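Asks: Take this structure, written in structure tokens, and hold onto it; I'll ask about it next.
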Ligand SMILES: Nc1ccn([C@H]2C[C@H](O)[C@@H](COP(=O)(O)O)O2)c(=O)n1
Ligand SMILES: [Zn+2]
């Protein structure tokens with residue numbers, strides 16, 4: 001008699017999978033304060049690209065500044081490429097029309113422009129710690145106008161443990 005074996009029930013959901021990939025990507029960031037990761041996914045749940053915040057190619061992590069405060073030219077803000085923009089620029093396959101973006105921190109206004117222009121239609125974010133800043137307020141205003149849907153990732157509370 002055939003033994004019927006049930007499929008696993010505790011597999012991770014699509015949202016846990018893609019936000020997990022975004023967060024893992026963020027762990028590559030050298031930013032001492034905020035490590036941000038992004039994962040772009042097609043409408044049919046295929047991973048298209050990933051990114052994390054860091055300095056552009058040729059701009060040394062050891063030479064460019066990581067400071068948050070000081071003279072503008074001596075802070076990271078004028079130099080860092082955000083995770084979302086890196087994910088968009090890392091994509092080698094053509095159009096991102098209709099894609100979804102998973103990101104660990106709500107996109108800023110500059111990334112919102114790139115998200116809209118790339119044709120990304122959905123943003124799933126985890127943290128929104130800068131929600132009261134003009135940058136994030138402007139970002140939401142533009143995404144609302146452009147029909148980009150965004151919603152907060154619902155943490156499952158599941159601990160996803162990977163030993164490598
Ligand atoms: N959606 C975002 C927002 C920020 N970033 C990057 C830019 C910086 O490297 C860091 C934020 O630094 P903080 O002001 O928190 O010290 O995160 C990003 O990649 N994506
Ligand atoms: Zn940004």
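Quick reminder: no glycine exception, Cβ is built from N, Cα and C everywhere.
What you are looking at is a predicted structure, and each value in this text was computed from that prediction instead of being measured.
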Asks: What does TrEMBL list, out of 4, 82, as binding the same Zn(2+) as 108, 111?
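Replies: Record check against TrEMBL: Zn(2+) site with 108, 111, extra candidate from 4, 82 is 82.
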Asks: Ten-angstrom check, please: count other Cβ atoms within 10 Å of the Cβ of residue 108 (Zn(2+) binding site), all chains counted.
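Replies: Its Cβ shell of radius 10 Å holds 19 other Cβ atoms.
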Asks: How many Å lie between the Cα of residue 108 (Zn(2+) binding site) and the Cα of residue 84 (active site, proton donor)?
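Replies: So the alpha carbons of residue 108 (Zn(2+) binding site) and residue 84 (active site, proton donor) sit roughly 9 Å from each other.
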Asks: Inside 8 A of the center formed by the CB atoms of 82, 108, 111, which other residues of the chain have their CB, for the recorded Zn(2+) site?
Replies: 83, 84, 85, 107, 109, 110, 112, 114, 135, 139
Asks: Which of the listed recorded positions (82, 84, 111) has the least company, meaning the fewest other Cβ atoms within 10 Å of its Cβ?
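Replies: 82, out of the recorded positions 82, 84, 111, has the fewest neighbouring Cβ atoms within 10 Å.
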Asks: In DSSP terms, helix, strand or coil for residue 111 (Zn(2+) binding site)?
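Replies: Helix, per DSSP.
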